[in-house]
Amino acid sequence: MSQPLIALVGRPNVGKSTIFNALTRTRDALVADQPGLTRDRQYGEGRVGDRPYNVLDTGGLSGDDNQMDNLIAEQVWIATEEADLIFFIVDGRAGVTAFDEQIADRLRRMGKPVIVVVNKAEGILPEVIVGEFYSLGLGEPIAISASHNQGLYELLHRAYEEIEFPEAVVSEEIQDDIIRLAVFGRPNAGKSTLINQMVGEERVLASDVPGTTRDSIEIPFTAYDREFILIDTAGIRRRSRVTDMIEKFSVIKSLDALEKANVIVFVFDAKEGLSDQDATLLGAVLEAGKALVLAVNKWDSLDEDEKSWVQQDFARRFAFIDFTEPLFISALKGQGVRQVIRQAIEVFDQSMREFSTNELSNILEYAVHAHQPPMDKGYAPKLRYAHQGGKNPLKIIIHGNRTQYVKDSYTRYLSNMFREQLEIVGTPVRILYRTNENPYANRPGKTTEIRGSAKRKRKLERAKEK
């Protein structure tokens, strides 16, 4: 039996994301005293004892008739169709509102189990605060305070009575073949449209309003017999433009997504051209050292002259990214989307390869023979052998003497040589150095004394021969 799914539904700012964080024991959902903060569906996992369940946080239902609120409402009702149990979150301080009654009416007609969760009940007797919420016609309400961690045990006990929670399946092996793929780019570059094409449904909001996605949303899906967890990140703006506190938090969460992901799909807007901001964002991605797919979106909107200009501009600005080639796609029309997925699989597999010390040392020997490390400050580095120090990114540790004098240009040469000889694409190769310890380094005068003794010994031997 699969894990049950609990959906959190309600008006904006009733505390859904706080409850989500409490149930999953994370801070994955954005939380602040600002209505309309959660816009997409956010998934997480919690446990009742050793029995796991999934939690689905949704955007706030406002009842307003505009493009954004209509998109949010569509997402919410899709989420309720997926769910096994619905927590209808209401604000105990505000009481029953007319729109609460409209939501309750639709939930009743769905015929699914619903628990009315009266949040913000701290300091008030439960039997007092829940009284008026019986009028919603969805059974006995339960009072909690998510921000004060009150009533959550009782809420989960009620959930356990409503639906079946299967026992956890203990896996003997840790899966390291799941591709955790983060989608990055500036606001409105088409990230969410690309994701919806990948997973085959309207899982993430996609509109012409920049910054539509604020949370980093994790979405599991399967393609080409491979398992993915796809992370849609908030569009990252220039720091000077990030004035809203929520936008700042979204940027932090997006950068944190770099730590979770092992493949990055970086989406550019072909119509906007390539900006310094793109280079700045890409710098953060490259710093993380993850496998990389570059997708230039909205390619179908350009004429041939514009396409030629963008290609030249891309080659000029991003010449430093020499380990991958851009894909030119149209997420809206689905053009090139399969190619993005296939390349994500390829670069992930490349980043997870393992190499023997003998193979890496042979390549190092070949590289040094072809081009010796240049001297620096009168010192010539001696590079002796290499071994693998990690995956995703591939790290190669080179041992030798005076490695602190290896110049950056020579390190780039070695990185390119390893990538060429190992036929690695789509993932950077990081070179690290280890200087062999001199066993006499901390014994002043000892090395000189030994050398002197050896010299005297040779003189004595020559004297005897005479």
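Every residue, even glycine, has its Cβ placed from backbone N, Cα and C.
Positions annotated as GTP 2 binding site by TrEMBL: 185-192, 232-236, 297-300. Taking the Cβ of Asn188 (GTP 2 binding site) as centre and 10 Å as the limit, one finds 19 other Cβ atoms among all the protein chains shown.
For 453-466, the entry in TrEMBL reads compositional bias 'Basic residues'.
Residues or ranges marked as domain 'EngA-type G' by TrEMBL: 4-167 (among others).
Here TrEMBL flags 179-352 (among others) as domain 'EngA-type G'. For the domain 'EngA-type G' (179-352), the model's average pLDDT works out to 75.
According to TrEMBL, the region 'Disordered' annotation covers 438-466.
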Assigned element (helix, strand, coil) containing Lys191 (GTP 2 binding site), judged by DSSP: helix
Helix, strand or coil at Gly185 (GTP 2 binding site) [DSSP, three-state]: strand
Lowest local Cβ density among Gly185, Lys191, which the record lists as binding-site residues, within 10 Å: Gly185
Distant-in-sequence Cβ neighbours of Trp299 (GTP 2 binding site), under 8 Å, six or more positions away: Ala270, Lys307, Phe328, Ile329, Ser330, Gln335, Gly336
